[in-house]
Every structure is written in C-alpha cells, then in structure tokens.
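Everything on this sheet refers to the single structure shown next.
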Amino acid sequence: MGAGLAVVPLMGLLESIAVAKAFASQNNYRIDANQELLSIGLTNVLGSFFSSFPVTGSFGRTAVNAQSGVCTPAGGLVTGVLVLLSLGYLTSLFYYIPKAALAAVIIMAVAPLLDTGIACTLWRVRRLDLLPLSVTFLLCFWEVQYGVLAGTLVSLLVLLRSVARPGVQVSEWPVLVVQPAGGLHFPAVEALREAVTSRALGVSPPRCAVLECSHICSLDYTVVLGLRELLEDFRRQGLTLALVGLQEPVLHVLLSADLNFQHFPSLEEAEKYLSQEPGTQPHSFSDDPVPEPSLPC
C-alpha cells in the first residue's frame, strides 16, 4: 500500500469536507466540520463490525444529487430503490450504454464546481498560496495520493514559515521598541532574538530596548529559554531589556521561570525609566518626577 495506506483515509475526510463546504457555499448555509468528521468516523467504526464498505462523501454523487434537486437524506433511499430496480429489470439494457456516457454524467454534474478564476484571485491576493495549489494539481496527474500528500506538506511548510518569521515592528524613538506583529512560538525565537540584538547590541554604542508584548498571548518553554538568553545578553553589556504590555498568562509563565526581568504596564513608563539608564541617548522630558521602576521579578 505504501503512502496510500496513510493518504486514502485523509483523502476521504478531505473530500467529504470539501464537497460539503462547496455546496454549503452555493446554497447559503454553513456546516460544522467537527460534526462532519465525527459522523464519518463513527459511521466507519460501526461499519467495520459488519464488513461494510468505507463511508465518505462523493463529489460525483453529491453533484448529481444537487443537479437533480435533492434536498434531504431521503434522496439516498430513492437512489437505492432505483439501483435495485435497475439491477433487477434493466441489467440487460446496460450492455448497450457506453462507459463514456457514465463518465459524461459525472463530468457534467461536477463541472459547475470548477473554479477557474481561483488562480487569478490568489495571484492578486497572496501569491504564496499558489504554491500548494500548483503542487497538488500537478502531482495529482501522477498519483492522487501523492498530490494530496505533497499539497498538505507544502501547506504546512508555508504555515511554519509564517510562524517562524513573524513580522517585527521597530520604533527608534525615543528608545528602541521592538514589537512582534503576531504571536510568539518556538520557531520564531531565533528570528526575534536576531531582530533585537542586531538593532540594540549590534550597534555602537549598544543601547537599551523595549520588547512590546501586547500581541503575545501564550509562551512555550523554548520561548522562555530564548528570552532568558536575550536578557543575559543585555546584562552582560550592562543594559536593560524591558518588557511591556504582558498579558496575565504570559506574565505568570515568566514569573514562574524566574527570569529576573523588568516589566512595565505601559510603553510610556518604560521609556521614561530607560531614558535614565546607560545605553540610552538623552532626550528632553518634562519636569514630572520619574516613576519608580517596578521591582525585578
């Protein structure tokens, strides 16, 4: 069986969800993908005790039903009765029907589902999404299971790329502020560390920095280790890396890790504090008293 052993069940699930979403979009209703997967899985588990055929959705059968005006599951009963009657009384007539005619019925039923404009839309919206589409389309001419498997793998790589290389916004005044544009997960640790060190420690003279964390809602252990190393890099230079806008779950994780870091509730307080620290260019501020820095945690 090779790759087909793992890919065929995946293809069945993908086909069922895809055809359900396609006709839900055409007929203006929504489906629950979790419910679809649960029903397919339960049906196949129970069917395995009775030596039944695998149960899944079918593009061709669903398209024919849609073109015939079928609206309820009762259409399956009607189809079953017609099949039994055909096998009982019309078998001899099937001999004269060319196989190409059966293929033509499926082709004409599925043809309205073919979206030829999707490539142009993806080119305008996000060209990178054309990559998994093209890989899947081309490899399906070789083997369908290889096309589905390769398309899934490429999609995962594209997703991993966006997670590993998050956008980083950098503000240079009045202190260096680095803000990850999205969440922070373990593949992105090195990219964030490079962005901070290159702009704060890789310049002459080195300077303090603020890591704006309002967009970070969760951390894993690898991210905590990366932040620990980043804080130590700043301490070796006699500088401060302040954290701002920590959400409660993130703050709890960092406190549990005992990183001994400076954190502030707002960017303004961090800027005022760091403006008095070595490694920060002097700027003019009002005569208001400088707030006391938060205690090391």
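Positions of Cβ are set from backbone N, Cα and C atoms, glycine also.
Copied over from TrEMBL, here are the features:
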| type | residues | note |
| --- | --- | --- |
| DOMAIN | 175-277 | domain 'STAS' |
| REGION | 275-297 | region 'Disordered' |
| SIGNAL | 1-24 | signal peptide |
| TRANSMEM | 38-59 | transmembrane segment |
| TRANSMEM | 71-95 | transmembrane segment |
| TRANSMEM | 101-123 | transmembrane segment |
| TRANSMEM | 135-160 | transmembrane segment |
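Here the transmembrane segment (101-123) has Cβ contacts under 8 Å with residues 22, 59-60, 63-64, 66-67, 129-130, 133 of the same chain, all six or more residues outside its ends. Helix, strand and coil content of the domain 'STAS' (175-277), in residues and according to DSSP, is 48 helix, 16 strand, 39 coil.
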